Amino acid sequence: MSGSRAHGEPARGEHIDLPTLTAASMALERLQAQPGALLPSERLPVLRLSSFLAALAPELAAAAAAAATATAAASAAAAAPAGPGGQPAPPPRDEARLRAELDKLDSWEEFDAFALSAASGGRPLEAATLEAVSRLGLFEALELPLGPLAAFLRAIEGLYRATNPYHHSTHAADVGTYALLQPDGLAASLTSLEALAAVVAAVVHDVDHRGLSNDFLVRTQHHLALTYNDASPNEQHSLSLAFRVLMQPGCNFLQHLPAEDFATFRALVLDIVRATDMVEHSRLSEALTRDVRELGPDLASWDAVARGHALAAVVHAADISNVTRPWRAAVRWGSLVSAEFQLQGDAELRLGLTPGPQFDRRHADAPRSQLAFIRRYGRPTFEALSAVAPAGCAAALRGCDENEARWAALEARGEKAFPL
């Protein structure tokens with residue numbers, strides 16, 4: 001660390017207490033379960049958290065009143081606790097099972113984010129991230145305080161939209177950044193600050209994602225597209241929200257960092273998350289390939305710009321890694337992506353727009369879409385990354401081979417649906 005003054009003392013940004021933020025996120029999830037609801041976040045052209053919470057106040061009161069009415073109407077014995085989005089609550093945290101699932105965090109073939117979600121009481125992102133930070137030695141190296149980090153993770157997890165078929169906190173937990181880093185692998189060539197930036201970028205990369213593509217947001221002149229001038233509106237919104245949460249009292253686990261180190265961390269997270277926009281795929285792959293050709297495979301000798309490319313490639317690869325997972329997991333994740341795409345396609349039809357092939361449920365073809373994604377994105381991404389992270393990418397490339405063969409067999413038989 002440099003010796004310059006610590007940043008954020010006191011923490012910068014809007015001061016909103018964590019309980020209020022958490023209550024707002026829970027109310028937001030309940031509201032998202034109401035079909036056609038126009039949420040405050042869609043009404044506010046200026047995305048200030050204080051304004052959002054002020055606008056949310058009537059909905060918070062209404063949600064509390066509705067909950068009180070429902071509780072009074074139901075018997076205690078028959079009442080089932082409600083989870084995010086009005087779905088059944090996850091089972092209680094199971095410490096033994098949680099430990100067993102976390103022990104698989106570095107295994108591409110065995111890690112199961114859905115099992116982790118069940119074992120963690122519905123908090124897979126918090127559990128996986130704390131484990132990854134611990135294994136990478138970042139608590140000690142960066143003197144990270146556990147309480148504020150856990151509070152930050154819990155707030156971020158609560159702001160993922162549980163009603164999305166795909167873009168929810170279990171997806172964020174499944175973004176296997178740790179399996180690609182690993183203390184004896186790629187992480188050995190990174191600084192502690194770089195490793196933390198990659199982990200945090202994976203945590204926040206889709207927070208408050210609406211289940212709608214950037215293209216849809218731009219075409220419909222959504223307020224996020226207008227706010228961010230059509231440039232990666234989903235990713236830009238997630239970044240803005242994540243850093244506003246970080247600045248809340250009780251959540252800023254980095255306020256002890258020197259200002260120079262925090263600036264480096266922030267710049268890395270911004271670049272990494274923006275690179276998860278799929279329109280950046282070709283540019284990122286070309287940059288990484290060029291860096292390997294010109295600088296060699298030893299990441300420790302690369303300059304800061306090239307190392308940033310590698311970090312972005314790690315999180316991008318992890319973000320699209322579901323096609324490389326063991327067959328059952330790959331099929332499950334693929335079906336969830338498809339379900340979310342088709343909901344957008346339905347909305348496009350209602351608006352008089354023409355959905356793309358993968359978004360139109362009338363022309364759904366699971367084998368064809370999965371094969372196209374593996375061949376265009378999945379395999380090329382992990383092949384490029386394998387030059388600097390061979391151990392971490394080997395299992396993913398095996399998964400590409402195995403899943404491609406199985407999807408091709410289904411296509412040859414004329415199958416169209418996911419084999420759930």
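Note: Cβ is positioned from N, Cα and C throughout, glycine not excepted.
Note: TrEMBL annotation is automatic and uncurated.
As given in TrEMBL:
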type	residues	note
DOMAIN	90-414	domain 'PDEase'
BINDING	H167, H168, S169, T170, H171, D206, D319, Q370	AMP binding site
ACT_SITE	H167	active site, proton donor
BINDING	H171, H205, D206, D319	Zn(2+) 1 binding site
BINDING	D206	Zn(2+) 2 binding site
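Mapped onto this structure are the features recorded in TrEMBL.
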residue : record                : CB count, 10 Å
H167    : AMP binding site      : 24
H168    : AMP binding site      : 25
S169    : AMP binding site      : 28
T170    : AMP binding site      : 23
H171    : AMP binding site      : 23
H205    : Zn(2+) 1 binding site : 29
D206    : AMP binding site      : 26
D319    : AMP binding site      : 23
Q370    : AMP binding site      : 26
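DSSP assigns T170 (AMP binding site) to a helical segment in the three-state reduction.
Taking the mean position of the Cβ atoms of H171, H205, D206, D319 as the Zn(2+) 1 site, the remaining same-chain residues with a Cβ inside 8 Å of that point are H167, A172, V175, A202, H209, T276. In the predicted model, the domain 'PDEase' (90-414) shows an average pLDDT of 96.
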